[in-house]
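See structure below.
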């Protein structure tokens, strides 16, 4: 067991104890040393056997633990779920009061325990065996009761806790977390999880939205569209131009085919060039007849890229179908508001 660092001596009085950069750096270095001990002494054969067991499981992978180890077990379970692996946290206390009914013989139960002598987990073992589930313990003390009672044990080497009394579970839980999360990524790779599958499990995140949301999911449509006819006078369409919040008019024919677009920028340029003549100009005379457009089935993130493309960025894209009929409009503001 490693020696107690001088700056963690319990004999220091609270009156003269201070925290400075040197103290913090020494703590981090000590924790790094303890973690290096774990990496250098972890059994790869044990770890590989554990990983392959989880990979081949046809049921649910349950994780359990008590106290801080329980929090780690819950977190690792949630990581696996986010990677499309069937997993859940099983409270050892609740399991003995009915929750164990969820177990089946095809399941794997992984028990986190630093000491391997946790009473709640030891009481859980025979109940899990009665259900026929496969039992694995992850422990840090050699020759413990839990390891002897399970079908498999993985030893997580622990030099000592960073705690000055070698009691508070801060290094042991860090080891558990690193081990569990690394195995989760190993399973992710072995199952060939695609970026799209990962995104589907994170629809509220930026990555998920960029790979899931299509233009039709974020576009304005129907009564929200700022539409007009090419024969309409520009001055008669100012309310339509400004009230829909798109910064443009979509110029259409009677059948809603897109003819062009007229923006608030076009309005300023026309006013500067024509002066009072703007009162006699129609939208069709001044509109852009070759605007950038996009399909409703295109990815929303591609719409943003198209808006930002050379020669100059635009703030909107008319959304048209394969017959050039306007069905919506997607704006840069709308994409940003959607989290893209």
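The count begins at 1 with the first shown residue.
The backbone N, Cα and C atoms fix where each Cβ goes, glycine too.
Here TrEMBL flags 51-193 as domain 'SIS'. Feature annotation from TrEMBL assigns domain 'CBS' to 219-281, 287-340. The site 'Catalytically relevant' annotation in TrEMBL covers 68, 120, 161, 202.
Projection of TrEMBL feature records onto the structure.
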residue	record	contacts (Cβ under 8 Å, 6+ apart)
68	site 'Catalytically relevant'	169, 173
120	site 'Catalytically relevant'	66, 92, 93
161	site 'Catalytically relevant'	34, 167, 168, 169, 170, 171, 172
Local confidence of the prediction over the domain 'CBS' (219-281), expressed as mean pLDDT: 92
